[in-house]
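Worksheet: the structure to be examined is printed underneath.
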Amino acid sequence: MQCVLSRFQQPGDELNSPLTRDSLEVEGSETGIVGARRMDLGSVSPELRSKLKEVQVIASWATRQETQGDYEQAFSLYVDSVQKYLHLIPTVPDGALKDQLKAISSKLLNRAERIKSSRPQLSLRAPIRDRTSSEAQDAVLRRSQTINGLKFQPWSTSDPTSSKGSSYHSQLALIQPALSPVQKQAFLKWSSIKEVNPGLKVYDPDALDPTDIVQDVVTDCSLIAAFSVLINHAKRFQTKLHTACLYPKGPDGFPEESSDGIYRVKLFLNGVDREILVDDQVPISTTGSSMCAKSRRGLFFWPGLVEKAYMKVMGGYDFVGSNSSVDLHALTGWTPETILLTSQDYRSERSWNRVSSGFSQGRCLVSVGTNANNLDALENVGLVPFHDYAVIDIQQDDKGNRLVTLYNAWNVVEPQSASLTQWTTQLENALPKISSARRAERVGTFTISWESLQMYFETVYLNWDPSPFKFQRLVHFFHHPLPAFSLKFDHGTALCADEEVWVLLTRHLDSQVTDSKKFMSFQVVVDDQERKPRTQRNDDSLNHGLPPLTATSLSNSTHLLARFPLEDVQATYLINFSFHDDLDPKSQTDDSSIISKPIGFTLQILSRVSMSLADSSPVSLPFSKEIEGQWTSKTSGGNHALATYSSNPMWRITIEGEKLGAARDDSARVKFRASLTTIDPNGGLDTRKPVNVKIIRSGGDGRVYDVERRDVVADSGNYTLGRAHLRVNELSAGKYTIVPSTYQAGVIGSFKLQLECDLPLTKVESVPPEGAGMYKRVGCSSWEEERQGTSSWRLTGGRGLVKSKIRLQATQQPGGYPIKLSLIQHHSGHEAGELICPGIFTDALSGAAIGPLQLSFSEPHHYTIAVEAMGKNCVTKGEGYVLTVYADQPLSLDRVPHGK
């Protein structure tokens, strides 16, 4: 089959000509890429060959759709094929094939651009890439391979020398991490460890003493504590966890000396294991000693190599600090958890049971950290502020004392004066298990009770062996547009007691300067809308907020772990996120690229039950509108069970039953979605407010005063924290009102409302509040006074025709008893009036209303407003009402004696 002219092509029009046959050809075969038959794919792997053929098919279909006049579909397919080629090209070896693929992708992109420029009236949208797709995953990992200005490739099981060459290998290894200011003051030279100590081994399998690791002048106490914890684990459980990251390895599986002095270190960073190359040179001081992590007894030098690799990643030896759980996650991949001992949610007994059990079974690595909240107390007992200590033993003795043995690897603390090393009686009683020799305590081990540990330390850092979780899922993504994922479990699984799912969110490292200014949080909720049709839900449940199963606080930590009980495998679970940068206004103005720069994240799910993770970020429909709004003290009306619901912000939308170029069809059924997101002052997700969004049929000016089930077209369901979504697959063309609301009235905050439809949203208009732009008069009284014969209300003072609206509401129990509002017109000279609005009794939450209507004051007319209530409840002590009159002229509203 030959290429034909596109429908919009004019003879001689180069801009609109279809791609020539040297770039694309439409054939009867399954591919239409010229050169596909001439491509030499023998040099690529079968997997890559299969992916290239898949893209060729997509490009062929794009050409077919264009020749058939379906330009929207052709545009989407062209862009999709270009994205896939751009994803695959970096994996193709340099040469003719890579150049050919680049040329083809360029021509495909040009074809898409021509369609877009030639058909501006079309709704052309690029395909939405699934965040869980391999292309999306690889894009994040490629972007995240640069950390502090250096690129770190994913780990390869083979030595890179064979593929890149020894010179490339050496070049990467020779990049030395920057020295810290303290090192620079004493620095003499970089020198091989073997030159400083020729007899030193890289590793000694007989030297498994967690107290043999010492910290030098580098401020990396968290990493040194991590080394001690790993050595202690290897000693207790005969594992190789402590040196698993260092290569090359000997036949016994432990590190061996490198023949060329270059070592490979495998660290789990930014979502994958990555390779860091280092040589065996370390900074040497003017005294001839090495300024790095070392063995106290001079038995091995592997800690200095691993420390050097880690400092290389972190931007140099001037390390701003971390914590041991983060460092151990990089060294081992074990799941990090932080227990904040000062948190209101902290439970001492539960934590002791978890920590001691996990430690004794070898499933948990433990360290602790101090802060500076009580410097005097820390100094008095010899503890270092902002310092991490390795936990090398946890036990309960015969007397029931719960004891923790700690190790401090800091080797540079000068002894204090004798007066400061003496224990007071009070401190001896408070900390009976701490050694009384303060100097020894600072460089060695000491034992402390669990109760005392909670007094003087702020944080317990844990790392859990992930292997007991049979099913694990990793997904990498960027923070914008705001992501969401859905989690489903195998419906046929029988759950064990206390079954838990762990969710770990990790922010990818970028730069030490800005990383501490990036904040994140997430929550896991049950997707009630997915689980049950709206018609099967209890309507009363819509009035209650649905709390998340688990949620984290907003934090600038790089790792956040949350756990939730898995009680229902039939449910779908949603994971929502909040991200924002805490940058000062000047930084935002001077360098906006910092804010717009994509930030990578990795989400890890650990479960003992089979599961699937899907991208639940909504796929955009062709027509959309984003609205920014606020709930204020006057416009935060709360949920629909409150009389103030009508005060909420509302928007009137008009959907026309036609597409561009098509005939109008009011019977058309369209897809519609609305997403409500609460926004905190920093622009992130505000997870403290339960919210809901409804789409309601409405007449008049569009404001909804009472919610009737028959008028609700779609509802986001239970009030959920931070976010609410509704979706309609078959919505008739017409006019509707969208109402975003908080659960409680009076909640102040900002929000964004995203509306999407597959037909044009021809009008999206804010619905003005009741009485907007009109004069307002208010009268109030008690029902008891009305029963005692007090008169109704007189309305006077108008000229000509006056547009008016009148509303009556009960003050204490809105909707608790029927009320009625009537309007009587009085003519001059006639004592009796004419009942022009008789009204009916109603128990609506919004009360009774008359109007809008035109009241005539052209003759000497006035009006009487009669109010009534029915039932005993209306005379309860304190029960009363509020009468409100809105008018486009300043009228007078007065009480008049009965009978006048």
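A Cβ is built for glycine as well, from the same backbone N, Cα and C atoms used for every other residue.
Just so it is clear, the model here is predicted, and its values are computed rather than measured.
Among the features that TrEMBL reports, domain 'Calpain catalytic' is placed at 187-466.
Annotation comment: TrEMBL describes Cys221 (among others) as active site. In the three-state DSSP scheme, Cys221 (active site) is classed as helix. Long-range Cβ neighbours of Cys221 (active site) (same chain, at least 6 residues apart, Cβ-Cβ under 8 Å): Gln215, Val384, His387, Asp388, Ala409, Trp410.
What TrEMBL lists as active site is His387 (among others). A coil conformation is recorded for His387 (active site) in the three-state DSSP classification, outside any helix or strand.
Look at TrEMBL and you will find Asn408 (among others) tagged as active site. All protein chains shown were included, and the count of other CB atoms within 10 Å of the CB of Asn408 (active site) stands at 26.
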In the predicted model, what is the mean pLDDT computed over the domain 'Calpain catalytic' (187-466)? 86
Return the count of C-beta atoms lying within 10 angstroms of the C-beta of His387 (active site), excluding that atom itself. 23
